[in-house]
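Right, one structure below, let's go through it.
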Amino acid sequence: MALNVIATLTLISVCVHADRICVGYLSTNSSERVDTLLENGVPVTSSIDLIETNHTGTYCSLNGVSPVHLGDCSFEGWIVGNPACTSNFGIREWSYLIEDPAAPHGLCYPGELNNNGELRHLFSGIRSFSRTELIPPTSWGEVLDGTTSACRDNTGTNSFYRNLVWFIKKNNRYPVISKTYNNTTGRDVLVLWGIHHPVSVDETKTLYVNSDPYTLVSTKSWSEKYKLETGVRPGYNGQRSWMKIYWSLIHPGEMITFESNGGFLAPRYGYIIEEYGKGRIFQSRIRMSRCNTKCQTSVGGINTNRTFQNIDKNALGDCPKYIKSGQLKLATGLRNVPAISNRGLFGAIAGFIEGGWPGLINGWYGFQHQNEQGTGIAADKESTQKAIDQITTKINNIIDKMNGNYDSIRGEFNQVEKRINMLADRIDDAVTDIWSYNAKLLVLLENDKTLDMHDANVKNLHEQVRRELKDNAIDEGNGCFELLHKCNDSCMETIRNGTYDHTEYAEESKLKRQEIDGIKLKSEDNVYKALSIYSCIASSVVLVGLILSFIMWACSSGNCRFNVCI
């Protein structure tokens, strides 16, 4: 037994003093966790949240182009030229429009703007225009310009929509008037006109002389004849009659002709569309701020490089894709396995099987070594850089896969188009659900691939070292190699950088292996001898026990008798 103990201690002494090199990976005190398809809450050294949840809370310039806030005027009040909105008449360019939903100055005369939602949608795609006079009021003939107390200007004087002319009788006459606008601007032109529907026939005759006037509007492709629909309607601003305002986009080279003998709101100013683009009309009471953003929502600007956002589906600009999720983390580091505090005999270094290394700097994978000069640790920058490139490609691929052509139209329509709004809502919700599901599934798959990639990279590095060392080392099975020769720091560096020459140390390694194998054989021989002795003694004890048991049984049954003679 003494020989066995001595042999074992000798083997331990050889192992402890051997030079060693280990392959391992980084571990940190990170609390980051990600989900995969097969597992939730996997600890990782690092991750990024792909969903942006923060915004500026203000309206900002979009990519350097300022928005326009309509102030106290609604979109309709601005377009038709409410006299209280003259400060907005100089607007020419914007990145998007902001409308206060409670703006007091809309249509000052009771009525409506026909196809209001469609016009709003059109203006969502306009970046700049110029207001220009289409037909001078004096060119129509023997009619007068009408004004109303419902539409007062900033001085309190009766006025009317500045982009329209309300013609009434002159000298108790209202002849048939007619004019044509020919679009020679080379651009699309927005033309407005309207029809006044009086309370009664008497009011009709008072204003227009004719009891049943008409208005005819026609272009090359369509024609519309309007008749007055008299009747009392719910009103405001002291008026009970009604005005309906129409619009049309006249393309270059097209003409539009107007003919009327009463109830006609003639076009005066129109808008030359100078630039189309991608915009939006946000309805909010939030005012503008001096800031710049690349993505604007109804609640604030988003400045982020993240792939997704959960702030607003109606975002404008270079925006992350909207999904319904609070958090979506993509693994960018390794599976985080805490380091083992006390490794091996006398705190010896250990490889990746026994956990990560907290001291690894500037790399995800690397080497630890132990020799007569001490211990050292170094990152393998080449394999780390390859992994970083792979993850960068992953993130870019996710962005590319999630870039779709779908744009929400929600928010461009008013109360008149409730069915369109309902349909838009359903489409938005369905598409958002699909995007959200696809995004989550994609990230879960990529997290699985990332963690598998890191495991494979560590094993590849281990296999690379094993091929270099060949028979000059013993693979301990835990990510470490026990070198069978002396290996100083320079020697360790050749193993790390792939320039190690195993033939240089082959003879020394062969002798060391024979020495270790001899100690193992002698130890095993002593073990076998000890086992033989123990086996013999155990067998004898069992045999004696059996004989004594037989004798006691025989005596108790009367088959055995002792005679004592004196």
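A Cβ is built for glycine as well, from the same backbone N, Cα and C atoms used for every other residue.
Here's what Swiss-Prot has on this protein:
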{"type": "DISULFID", "residues": "Cys60-Cys291", "note": "disulfide bond"}
{"type": "DISULFID", "residues": "Cys73-Cys85", "note": "disulfide bond"}
{"type": "DISULFID", "residues": "Cys108-Cys151", "note": "disulfide bond"}
{"type": "DISULFID", "residues": "Cys295-Cys319", "note": "disulfide bond"}
{"type": "DISULFID", "residues": "Cys487-Cys491", "note": "disulfide bond"}
{"type": "CARBOHYD", "residues": "Asn29", "note": "N-linked glycosylation site"}
{"type": "CARBOHYD", "residues": "Asn54", "note": "N-linked glycosylation site"}
{"type": "CARBOHYD", "residues": "Asn182", "note": "N-linked glycosylation site"}
{"type": "CARBOHYD", "residues": "Asn183", "note": "N-linked glycosylation site"}
{"type": "CARBOHYD", "residues": "Asn305", "note": "N-linked glycosylation site"}
{"type": "CARBOHYD", "residues": "Asn488", "note": "N-linked glycosylation site"}
{"type": "CARBOHYD", "residues": "Asn497", "note": "N-linked glycosylation site"}
{"type": "LIPID", "residues": "Cys555", "note": "S-palmitoyl cysteine"}
{"type": "LIPID", "residues": "Cys565", "note": "S-palmitoyl cysteine"}
{"type": "SIGNAL", "residues": "1-18", "note": "signal peptide"}
{"type": "TOPO_DOM", "residues": "19-532", "note": "topological domain 'Extracellular'"}
{"type": "TOPO_DOM", "residues": "554-566", "note": "topological domain 'Cytoplasmic'"}
{"type": "TRANSMEM", "residues": "533-553", "note": "transmembrane segment"}
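On the structure: features taken from Swiss-Prot.
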| residue | record | DSSP class |
| --- | --- | --- |
| Asn29 | N-linked glycosylation site | coil |
| Asn54 | N-linked glycosylation site | coil |
| Cys60 | disulfide bond | strand |
| Cys108 | disulfide bond | coil |
| Cys151 | disulfide bond | strand |
| Cys291 | disulfide bond | strand |
| Asn305 | N-linked glycosylation site | coil |
| Cys319 | disulfide bond | coil |
| Asn488 | N-linked glycosylation site | coil |
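Across the structure, Cys319 (disulfide bond) and Asn305 (N-linked glycosylation site) place their CA atoms 9 angstrom apart. Each residue contributes its Cα atom, and for Asn182 (N-linked glycosylation site) and Cys73 (disulfide bond) those atoms are 30 Å apart.
Here the candidates are the recorded positions Cys60, Cys151, Asn183, Asn305. The one whose C-alpha lies nearest to that of Asn497 (N-linked glycosylation site) is Asn305. Between Cys85 (disulfide bond) and Asn183 (N-linked glycosylation site), the C-alpha separation comes to 27 Å. Within the same chain, residues at least 6 positions away in sequence whose Cβ sits under 8 Å from that of Cys295 (disulfide bond) are Leu62, Gly301, Ile302, Asn303, Thr304, Gln309, Ala315, Leu316, Gly317, Asp318, Cys319, Pro320. For the topological domain 'Extracellular' (19-532), the mean pLDDT of the prediction comes to 86. With a cut-off of 8 Å between CB atoms and residues at least 6 apart in sequence, the same chain places Asn371, Tyr500, Tyr505 near Cys491 (disulfide bond), listed in sequence order. A strand conformation is recorded for Cys73 (disulfide bond) in the three-state DSSP classification.
Secondary structure at Asn497 (N-linked glycosylation site), as computed by DSSP, is helix. Cys151 (disulfide bond) sits 95 Å from Asn488 (N-linked glycosylation site), counting Cα to Cα. Distance from the CA of Asn29 (N-linked glycosylation site) to the CA of Asn488 (N-linked glycosylation site) is 32 Å.
Its own atom aside, the Cβ of Asn29 (N-linked glycosylation site) has 9 Cβ atoms within 10 angstroms in the protein chains shown.
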